[in-house]
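Accompanying notes for the structure given below.
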DNA sequence: TCGAGACCTCACATCAATGGCAGCTCCTAG
DNA sequence: CTAGGAGCTGCCATTGATGTGAGGTCTCGA
């Protein structure tokens, strides 16, 4: 039996996540909680580390869906699939960065057009 | 009086924008159309270039709001404010690219954690 | 015993461009 | 004359993490 101590407000305070977010993480299957007789969530101490991991995932631009896929692999220490998943995400992120870099190029083109002294509205 | 010829379907075909998008551009104040007696949009030839410009803006990650601010300045050839606006947008884009690049760094950290052979679930 | 505060669920709002559908009018070719 | 196609408006959906608020329950301290 896991030692169940932490209530949601305290978990929020200790992790920096909002209470709303913690409930959302649970809804998305990222975080589980037991309930006390009044129906309130009680978290194990380990939830603090888990939330930290979840937030680290979010700050790495992972979606809740991907994090949900990730966590079981992490717990099973299934390195090959973990690598595959993370590499795919890294590729997605790279593609997004490339897209934005391309957008920047196009923005520079717009700047060039707009600030070209020979430009007229009909161009 | 501007020569009014083009109908929305033709404008869509000639610009690559969907009919839906053209109506949206109008709704956002990016594009104007006269109406024939039956209420259908009739565009001037110059609309083709304008839509191209609008789409160029979108592909440069500008929002419809920014493009709406941009176009009058472009027509007024008000270079200083144009520059200010575009520079601000470029800065915003840079910030986003930086954020995503930072996310990539954090993703690499997650990869490092996840694939560290000494890692355990409690970490 | 009462009030405050922490918690619960449910549900809607956000941002933005676009897709898609329903129900309608209108024009034109056969 | 009629069918079909093009246009019209208006509305809902999408994506996703989070904010926010209503309305209710529970618990503890004064």
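Heads up, the Cβ atoms here are built off N, Cα and C, so glycines get one too.
Positions annotated as domain 'HTH merR-type' by TrEMBL: B:7-73. Annotation comment: TrEMBL describes B:83-110 as coiled coil.
Counting residues of the domain 'HTH merR-type' (B:7-73) by DSSP class, helix then strand then coil, yields 41 helix, 7 strand, 19 coil. Remote same-chain residues near the coiled coil (B:83-110) are listed as 60-62, 66, 69-70, 73 (criterion: CB distance under 8 Å, separation of at least six residues from the stretch ends). Model confidence over the domain 'HTH merR-type' (B:7-73) stands at 96, taken as the mean pLDDT rounded to a whole number.
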